[in-house]
Amino acid sequence: MEKIRIILAGPRGKMGMEALNLIYQTEHFELQAAIDRKNGGKLISSIEGLPPIDAPIYEDAEQCFKEIDADVLLDLTTPEVGRIHTELALKYNIRPVVGTTGFNEQELKELAKEAEEKGIGVIIAPNFAIGAVLMMKFAQMAAKYFPDVEIIEQHHDQKLDAPSGTAIKTAELISRVRQEKQQGHPNEKETLQGARGAIFNGMRIHSVRLPGLVAHQEVLFGGNGQILTIRHDSLHRSSFMSGVKLAIEKVMNLNVLVYGLENIIE
Ligand SMILES: NC(=O)C1=CN([C@@H]2O[C@H](COP(=O)(O)OP(=O)(O)OC[C@H]3O[C@@H](n4cnc5c(N)ncnc54)[C@H](O)[C@@H]3O)[C@@H](O)[C@H]2O)C=CC1
Ligand SMILES: O=C(O)C1=N[C@H](C(=O)O)C[C@H](O)C1
């Protein structure tokens, strides 16, 4: 199998470290370089706790894309940085695989247009865990029969974006099949602002942030005398790695932007 040459952005992050191990252990993956906020000019192998890969670290993303021959950028950074890296990678004809969350609809549209014009594959996956992708698909199935739905997502307290990318994606998938309706009592009033959560097309999204949590989501459907709960828990970040591997492999044969792993799993 031909090697897939990868640039990883965010190698010292929680996801980045997990991804480095995946790349190190996958025979047909090769780390060409990493983009980090510090350690520019050093090798990944020289950083304590990182695998023994002799790939250079760049602090300047554009310089990295200019100097390094790579097939794929894997971005696991922060919402703002992820957006910049994705655009830059496209400029240098490197296929972005983006786990970083926080892209809005307009940004996704613009990136999709750019990818299509250039004929370059992009995968933006709000959640790489196969179980989470199934949870979203099952929720979409259920919403056809249960239009009253609320989403509760729970994450570790270091998360920068709220609601989570997964919660937004779930609400989007549900919106495609759910008859729009106003939920709750028509005269409902919040006596404490935010008590009822965020609203996405009439659906409520509640975000919990606590130390000890990793990534969890419940989709609650209410009907006559019954409640259906669909729940997924990522207990460790290794849960995301089979999806990351699949996305890196699949993006090689794409020439458009794909948003969500559900569009590439068979
Ligand atoms: N799609 C998915 O399945 C998953 C997505 N995520 C998302 O991935 C992103 C990273 O998550 P974590 O690893 O938990 O966060 P983290 O905070 O542990 O790691 C982020 C890393 O990005 C680095 N970084 C920040 N600015 C940078 C820059 N300019 N250049 C290079 N690196 C930079 C930081 O130094 C840090 O090491 C978040 O947006 C999170 O929501 C997290 C888990 C799963
Ligand atoms: O920040 C995280 O941790 C996660 N972010 C993604 C999201 O926003 O949905 C995926 C997963 O939930 C973990």
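The backbone N, Cα and C atoms fix where each Cβ goes, and this holds for glycine too.
Automatic prediction, not curation, is the source of TrEMBL annotations.
Copied over from TrEMBL, here are the features:
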| type | residues | note |
| --- | --- | --- |
| DOMAIN | 4-128 | domain 'Dihydrodipicolinate reductase N-terminal' |
| BINDING | Gly10, Pro11, Arg12, Gly13, Lys14, Met15, Gly99, Thr100, Thr101, Ala125, Pro126, Asn127, Phe128 | NAD(+) binding site |
| BINDING | Lys38 | NADP(+) binding site |
| DOMAIN | 131-264 | domain 'Dihydrodipicolinate reductase C-terminal' |
| ACT_SITE | His155 | active site, proton donor/acceptor |
| BINDING | His156, Gly165, Thr166 | (S)-2,3,4,5-tetrahydrodipicolinate binding site |
| ACT_SITE | Lys159 | active site, proton donor |
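Per-site Cβ counts within 10 Å over the recorded positions Arg12, Lys14, His155 peak at His155.
Straight-line distance linking the Cα atoms of His155 (active site, proton donor/acceptor) and Thr166 ((S)-2,3,4,5-tetrahydrodipicolinate binding site), rounded to a whole number, equals 11 Å.
Here Pro126 (NAD(+) binding site) is compared against the recorded positions Lys38, His156, Lys159, Gly165, and the shortest C-alpha distance is to Gly165. A C-beta separation below 8 Å, combined with a sequence spacing of at least six in one chain, links Thr101 (NAD(+) binding site) to Pro79, Gly82, Pro126, Asp161, Ser164, Gly165, Thr166. Lys159 (active site, proton donor) sits 11 Å from Lys14 (NAD(+) binding site), counting Cα to Cα. In the three-state DSSP scheme, His156 ((S)-2,3,4,5-tetrahydrodipicolinate binding site) is classed as coil.
Residues of the domain 'Dihydrodipicolinate reductase N-terminal' (4-128) grouped by DSSP class, helix first, strand second and coil last, total 49 helix, 28 strand, 48 coil. A helical conformation is recorded for Gly165 ((S)-2,3,4,5-tetrahydrodipicolinate binding site) in the three-state DSSP classification. The binding-site residues near ligand 2, defined by a Cβ under 6 Å from one of its atoms, do not include any of Gly10, Arg12, Lys14, Lys38, Gly99, Phe128. His156 ((S)-2,3,4,5-tetrahydrodipicolinate binding site) has a Cβ environment of 14 other Cβ atoms inside 10 Å.
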